[in-house]
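Per TrEMBL, the features are as follows:
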type     : residues  : note
COMPBIAS : 1093-1112 : compositional bias 'Basic and acidic residues'
COMPBIAS : 1143-1158 : compositional bias 'Acidic residues'
COMPBIAS : 1173-1185 : compositional bias 'Basic and acidic residues'
COMPBIAS : 1191-1200 : compositional bias 'Polar residues'
DOMAIN   : 48-138    : domain 'Ig-like'
DOMAIN   : 171-259   : domain 'Ig-like'
DOMAIN   : 264-352   : domain 'Ig-like'
DOMAIN   : 358-447   : domain 'Ig-like'
DOMAIN   : 449-536   : domain 'Ig-like'
DOMAIN   : 553-648   : domain 'Fibronectin type-III'
DOMAIN   : 650-747   : domain 'Fibronectin type-III'
DOMAIN   : 752-854   : domain 'Fibronectin type-III'
DOMAIN   : 858-955   : domain 'Fibronectin type-III'
DOMAIN   : 957-1050  : domain 'Fibronectin type-III'
REGION   : 1093-1200 : region 'Disordered'
TRANSMEM : 1062-1083 : transmembrane segment
Amino acid sequence: MKPHSGTLVVDISREKAEHYEAVYQCTARNKHGTAVSNNIVVRQSRSPLWSKERIKPIVVHEGMSLVLPCRPPAGLPPPIIFWMDNNFQKLPQSSRVSQSLNGDLYFSNVLVEDSRNDYICYARFPHTQTIQQKQPITVKVINLDALNDTMAAFYNDTDLFSDDPLEERKPTFLIPSGPSSSKMVLRGQVLELECIAEGLPTPEISWSKRSSVLPVERTSFPHYQKTLRIVNVSQSDEGEYRCTAKNRLGSAQHAIHVTVRAAPYWLAGPPRNLVLAPRENGVLTCRAGGTPKPAITWTVNGVPIENAPKDESRKVEGDSIIFTEVQTDSSAVYQCNVSNDYGYLLSNAFVNVLSESPRVLTPSNKVYQVIKNHQALMDCASFGSPVPKITWFKESRSSTLDGDPYVVHDNGTLGIHVAQVRHSGKYTCVAQNFFGNYENHVYLEVKEPTRILKQPEYKVVQRGRSVVFECRVKHDPSLVPSTTWLKDKEELPEDKRLTVESDSLTIADVTEDDAGVYTCIANTTLDRDSASAELTVVEATPTPAVAYEQPDAPTDLELTDLKKRSVQLTWTPGDEHSSPIQKFLIQYQDSLHHRGHWHNLTEVPGTKTTAHLKLSPYIHYTFRVLALNAVGFSRPSAPSRMYRTEPAAPDENPTGVHGFGTEPDNLVISWKPLSGLQSNGPGLHYRVMWRRKKVESDWTSVTVSNYTQFVVSGTPTFVPYELKVQAINDHGAGPEPDVAHGYSGEDLPLTAPQNVRYEVQNSTLAEVRWDPVPPREMRGILKGYKVYYRREHALHKHNPHHVEEHVLTFSGNRSHGLLPGLRPFSRYAFNVRAFNGRGEGPASSTHRFETPEGVPGAPSFLMVTDPNPDSFTLEWSPPHERNGHVLGYTLKYQPVNNSNEVGPVMEMALAPNETSLTLLNLKYNTRYKFYLNARTGSGEGPAISQEAVIIMDEARPVSPFGNLSSSVGEEGALISWEYWGSEKNVYVEYIVENSDGEDEWQKEFVNGSQNVVLKNLKGGLSYRVRVVASGHRDQPLHHSEELLVKFPAVASRQVDIATQGWFIGLMCAIALLILILLIICFIQRNKGGKYPVKEKEDAHTDPEFQPMKEDDCTFGEYSDNEDHKPLKGSRTPSNGTVKRDDSDDSLVDYGEGEDGQFNEDGSFIGQYSGKSVSRDTGEGPERSEAPSPINAMNSLNSFV
C-alpha cells in the first residue's frame, strides 16, 4: 500500500501472475463511517500458441463458394484477426471475398486467380503485443474448360465435360444458417449483425428493419454491406432485422430477432449525500433501471443493513431509506447495490447528522454590475445545519426584500427582473438557523446602457476616393468602451488604407473590393450595441485635366472645451485645388519655454476638422494647422489664440535611477533628469532618498537642484541600498517613486581562496580546484578568479632553469579550472586569487606540481658527413625539448630514385648516448633519405629528416645533373638538363667566356622545371653556362658540368626606308628647309652682297675648278652679272663617270667641316674643312650612287 494513499501496489516480479488473479475491493474508514469501492477483477492477459495442425490443400472448382477457417486460440482479451500472405501484405477483400466477425475468410464464388499457397490467418493479442500465425492454407481453383481440354487429348478429342460456361446460381446464405436467427445485445453497447451469402454472380447485401427505420446517425454498414453496425444501443433498437442477398437470378432473405437487455443504470443519478440537523427528516433514494429489473440491496458502513446496528430513525422502503427525527449518532455511510444478470451498480452516500451555525460562502463586499432594464442576480450561498433561512435587506434594513420587484430564490439568490438606477446600493443577506445567524454585504451598480448615437450611413463613393463611416457612442461614464468594425460580418482585413479611430472608420483610395456592409460594434464589459451601413463603389467619372496644387492654409482656428489638460481645436479647411486633403498636421509653440519653435503635436485624417488635444501643465500654447494633399503641405495657418495651462506638481519622477560606488566608503546615486516639458511647473528640484536594505532604518533624504547625481559618503563597504528619487516643483511633489537598488563602493577581497588543490591530468594539462571566497569576504561583486602559474624548471638535468609566468582568468563564481599548454617533465608553481570590480585579493599559498614525461621534440640537427662510395656518417644532437629521459633513438632510411619513388625502409634502434653513426655497404650513385627521432617513456617524438647521395669516388662528388645541352634560337639560348637531386632550389648561372675575375655569374631561376631560355645574351659572344642546386646553409652546392654557348651576332634587317613614314616626313622637312635657304640667298644677291664662297673661289688656282653646270651638278664661277640667273651644273662626261677630286667641294663637304657654318646673313664662314672621300663609280651610264640619308642629315645640321 502506498503511504498516504489508497493505492495497492502488487509486485509480481518474484511470483507467477496467476497467484494474484482475484476480485479486489477497497474499503475506506474513519470515525464517521466506512465507504467501499466497486469490485476490481484482476486477470492475467494470455496469448496462447496456435495448436500445430497439418492443413491439406483445398481444391475447388471455379465459381463455387469457399470458407477458409481461422479458429484462433482463445486469449484474454480476445485477439484481433487479419489475413495476410507470406510477404506480410494484407489479402485484398471485396464484396466477393471478405472476413467474417469470427475471423473466417468467405468467398461468395472463387476465381482461378484465387489460387495461391499462402492464405495465412494472424491473431494479434493487443495486451501482450504478440502475433500468432496459423499454418498457411493452399487453395487450388480448377477451371473445367482447361480440364476438359486436357482429358480430350487422352480420349480421342472426346469432351468429358460440358462446353457450357460456369453455371450461375441465385444467392444462398453461408452465415447465418436457416431462415431466421436471434441476437441479444446490452443497452449502450454495439450491435453487430452479419449476413454473408454465396452465389454467381456475387450477391449484393441490403438491410432493413421491420416496422421501423434504421437510426441513420448511429448506423453503418462495414465489410461491403455484409455487417450492420449500430452504436450506443437503446431499447428502441429491439426488433426484427432483415438482410437480403440479391443477384440477377434471384434473392434470399434472413430474419434476425434482436433483443435488448440492460445492465443496471441510474435513472436520476446515484444517491446524494445528506446533511441533516438533529430531529430533522430526510430521504436517501437509490433509483435505477435495467432489463430485467434490477434488485436493490443496502449496506451500512459495508455491513448489510439487516445486520447493522438498529436505528429507529431509519426505515427502508424499496429503493429509498426514510429518516425521521434523526439523532447525532445516525451519521453513517450507506451503500446502495443495484444488480441484475448483466451487471451491478454500487454507490456510497454519506448521511451526516450535523449541528452547525450558518456561514455565507459568497465573498463579502462583492460588487454586482448590471445594465439598466436588465435582470440583476445577487448570490447568498450559505452552509449550516439545519439549512439556514436567507433574508435580504437594503441599506437601512427597514423591511425585508420579499415582494415586487424583488424575488428570493430557493438557493438564497436575490433577483430583480428589471433593474433601475434607483436599485443601486448596498444589500445585506442574513443566514439564520437554530444555532445562530450570519450577515454578508454585497453592492449593486446599475449602469446606463451603451448606445450608438451617430450611426454609419449608406455611402456611394467613386473608386480611388476616400470614405468615412461615423460611429459615435454614448456609454456609462464608469465603463470603458471599445469599438470594433466588421466587414460583411468578418474582421477587417489588414490594410494600411483602413484607419480605425474611436468614433470613425476611414477607407482611403477605395477599390471595388471595399464594397460591402460595414458594422460598428461598441462593447463594454456589460453590454454592447451595433449598427451597420453599406458601401457601394462606382467608377470614377472622367473629368477634364486640372492643375493640382498644394492646398490653401486652414483658417478660422478656434479653441473650445477648455480644460486643465485638454482642449478642443477646430478649423476650416482651405481649397484642396483638385487634390483631396489626406491629413492635417497640428503644431504648437511654447511661448514660455521655447518661443519661436514649432513642434509637431498630432495628426488627424483629412476628413476631420476637429481634434481633441491632450496638454501638459505650465505651457503657453499657441496652435497652427497645416494641410497635406498629394502635392504637399500647405502654408501654416494663422496661429490660434494663446492658451495657458496652469502649473501643477510633476506627473512623473526621474528614470534610470542607479546606485554604485566609486570608493569603498561612498554611494553615488544617479538619475536621468526631467525635461522642461515634464517639470509641470517652476522650481524643479529632486528629493534623493536612500536607506540600507534588509535593515530596519528610516529613509535619509536630501534635496538637490540642477544635478543628476548625489554622492553619499561614509558608507560601509559594498552594502545594498534602497534608492528613490522624487521630482518636486513649487506646486508639489510628484508621485511616490519606485524603489531602485544599488550597492556602495567595492574594496579588494579580504581573503584568498582556501583548500587549493590540483590534479595533473596528463603531461600538458592540470586541473586546479579551490573553495570560493565567502561573499562577506569579497567586499564586492565577484568577477572571477585568476590562477597565476609559472614553470620553475624542467626535471631533466640537461634542460636550463627558467621561469615563465602565466595568468588564467576564470570568470564568474567558479571553483575549478584547467591549466592547458603545460610543458612535460617540468616543475610548476601556482596560486589562486579572487577579484571583484575593485581589483584582486590576496594570493593563496603557493602550490607546486610536476608534470609527467611526454614525447620528446625532434633532434636538434641531423647532418651527413664523410661521404664515401659505399658509406655515410650521420651526426646529430639530442632534442632541445627532451620532455623526459631519452631512452634512445630510432633511425629509418630508404633509397630514393630519380623519379622520387622510395624503396624499402630500413630501421635501427640507437642508444641514448649515441650522437653519430656510420652506415656501410650502401649503393653508390644512390640518393638516401634519413629519418631520426628520439623516444622517452611516453613514446616517440617527431622525426628530423635529411637526404644525401653516395659519391662515385673520393676525389669528386657525383653531380645530380646530366645530359646538359643547349640550342640557340631567335628568343635566346635554350638550356636543358636532367636532375635527380633532392634539393628544391635549382637555378642556371652564366658568365661571358674569358671574362676577368671581377665579373659575377648571372643567375636565372627555373621554378622546378628542367629547362630555361636565357634571353639577355649579347650577340657575337660566348658564354659559360652551368646548373646549380642548393640545399640548406650547411650543405655544399651541387654544380653541373659547364657548357659553352656561342650566341651569334644578329644581322640587321633590310628594310625599304623609302616606304617608312618617318623617312617621308624627314625628306619633306629637308625640302622645306632648302626652299627657305634659297629664298634667303636670292634676297641677299638682290642686295648686291657677295658670298664669301665667291671670294674663296676667285682665289682658288686649281685649273680643274669649273663653274657649276647643269649637266654634271658641279660648281662654276660666280659673277655679279649672273646673280639673277639660276645655278647651273656641269654636264656628265661621255663615258658616264663623274670624277670628283679635292677641288670639287659640295654643300655636303662643307657641312661636314667643323667650321663650316652660316653667318647671320646666310653666307659660309670659316675655311673649307675636310676633303671628300673618293668614291668608286659603277660602270654604265645608269649606275650612279644613291644619295645617303645620313649625309643629307649631316648637311642639314651644318646649315642649321
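Sequential numbering from 1, following the chain as shown.
Placed from the backbone N, Cα and C atoms, the Cβ positions cover glycine too.
Secondary structure of the domain 'Ig-like' (171-259), assigned with DSSP and counted as helix (H, G, I), strand (E, B) and coil, comes to 6 helix, 53 strand, 30 coil. When pLDDT values are averaged over the domain 'Fibronectin type-III' (650-747), the model yields 91. At the 8 Å Cβ threshold, with sequence separation of at least 6, the domain 'Ig-like' (171-259) comes into contact with the domain 'Ig-like' (48-138) through 3 or more pairs. Across the domain 'Ig-like' (264-352), DSSP helix (H, G, I), strand (E, B) and coil residues number 3 helix, 49 strand, 37 coil.
Each residue in the domain 'Ig-like' (358-447) gets a DSSP state, and the totals come to 3 helix, 49 strand, 38 coil.
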